[in-house]
């Protein structure tokens with residue numbers, strides 16, 4: 001109504017300049033990409049039911065402020081007093097506590113960042129834990145899980161310090177790609193990850209606009225480093241940084257710094273909760289912030305630092321983990337030849353390993369790039385790194401499967417080098433003592449093994465698939 005009266009009066013006075021100014025302002029408001037979020041802190045204990053009640057209260061309070069996402073701290077499920085308690089209180093994602101979190105997101109129609117959930121997993125060495133950052137959408141569905149990669153291990157006998165997080169927590173296997181969320185592309189981290197700048201840079205390169213570091217910083221490290229680290233990650237990556245936090249005295253041996261905050265891409269703190277002070281041993285609070293995607297765009301345009309990175313001199317590359325073989329994919333292309341999916345025993349985003357139609361020695365396999373490139377020089381830096389990493393993993397598998405301790409690994413890069421298939425690939429041949437009278441005779445056999453006049457028959461799909469099934473067990 002006020003907007004209408006303003007426009008009406010402007011017309012009445014025929015002040016066209018004011019009409020123009022109003023229209024610009026209204027257009028800017030209508031095109032705004034601002035979303036409201038809540039960052040939380042509280043003092044968790046070893047009583048899960050009490051902690052969940054606090055989480056309920058925080059989410060309820062945040063929802064009344066019309067937020068789209070609520071960010072909870074690391075260890076929001078519980079803060080244990082010792083290792084045994086850490087293990088005994090942990091749950092799976094199908095347990096009661098995660099079910100309650102999912103119902104909470106659905107009830108209040110918000111996305112929830114469960115900043116640190118002690119996730120039980122079964123391994124060959126028994127039960128282990130992941131420190132998992134779980135992202136729930138407003139329907140309570142799990143949209144992403146990031147398992148903390150960097151674990152804090154330090155031993156200083158002279159100071160009576162012996163902390164070994166890896167003794168009860170497994171390190172996460174990968175950087176999880178940013179998640180499309182209501183507030184923008186969200187990169188997931190946990191606490192100690194913030195001390196590794198490469199981690200944040202990789203997330204930014206993957207497309208993140210917002211970095212999240214739910215934490216439980218100690219009071220000592222918090223006073224010294226907390227704000228500095230958060231603002232540095234925001235500035236160098238030109239991203240919002242959202243950091244929920246544990247606060248205060250959890251038990252007789254553990255105190256957390258608090259100071260949950262949101263930092264904008266310019267490094268400005270735009271929302272924050274209190275820092276720990278001894279006079280207030282516990283706290284339960286939220287801070288509200290607007291996430292403005294237009295600000296990110298503006299800052300990145302005005303200071304395009306990622307365009308100025310010298311990728312010709314240095315490059316940050318992630319090691320790609322195995323991807324599940326796609327059920328809806330029947331084959332990979334190897335130049336103009338189809339490689340049946342049944343013969344592929346390992347694959348990543350960039351490379352795949354498969355069994356061979358003719359083997360120079362038992363266990364002879366190939367590794368190729370997913371993208372059809374003729375020569376090594378045609379590959380990107382990421383593809384080169386992944387190709388050779390995949391070759392090493394395939395080598396280990398075929399050596400174990402064939403009781404070998406040596407391999408010949410050969411890349412024929414170009415026609416004059418003996419390449420008969422115009423697609424980057426390498427041969428991996430597990431070797432054994434005496435398999436050739438002269439060791440280098442293997443190259444003679446390799447040069448003719450795929451020729452049309454080779455009397456050796458082509459192996460059946462059944463035989464190659466059976467070998468691939470065996471090799472998959474070694475990954």
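Using the three backbone atoms N, Cα and C, a Cβ is placed for every residue, glycine included.
What you see is a predicted model, and the numbers here were worked out from it, not measured in a lab.
What TrEMBL annotates here:
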DOMAIN    35-293  domain 'CN hydrolase'
DOMAIN    330-438  domain 'HIT'
BINDING   356, 412, 427  substrate binding site
MOTIF     423-427  motif 'Histidine triad motif'
ACT_SITE  425  active site, tele-AMP-histidine intermediate
SITE      443  site 'Important for induction of apoptosis'
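Location within the structure of each feature annotated in TrEMBL.
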{"residue": "356", "record": "substrate binding site", "DSSP class": "coil"}
{"residue": "412", "record": "substrate binding site", "DSSP class": "coil"}
{"residue": "425", "record": "active site, tele-AMP-histidine intermediate", "DSSP class": "strand"}
{"residue": "443", "record": "site 'Important for induction of apoptosis'", "DSSP class": "helix"}
Rounded Cα separation (Å) that holds between residue 356 (substrate binding site) and residue 443 (site 'Important for induction of apoptosis'): 16
Distance, residue 412 (substrate binding site) to residue 443 (site 'Important for induction of apoptosis') (CA atoms, angstrom): 11
List of residues, in chain order, with Cβ under 8 A from that of residue 427 (substrate binding site) and at least 6 apart: 360, 364, 365, 366, 408, 409, 410, 411, 412, 446
Whole-number Å value of the largest CA-CA distance among 356, 412, 427, listed as substrate-binding: 16
Shell of the substrate site beyond 356, 412, 427, same chain only (C-beta within 8 angstroms of their C-beta centre): 364, 366, 410, 425, 426, 428, 429, 446, 449, 450
Cβ neighbour count within 10 Å of residue 425 (active site, tele-AMP-histidine intermediate): 23
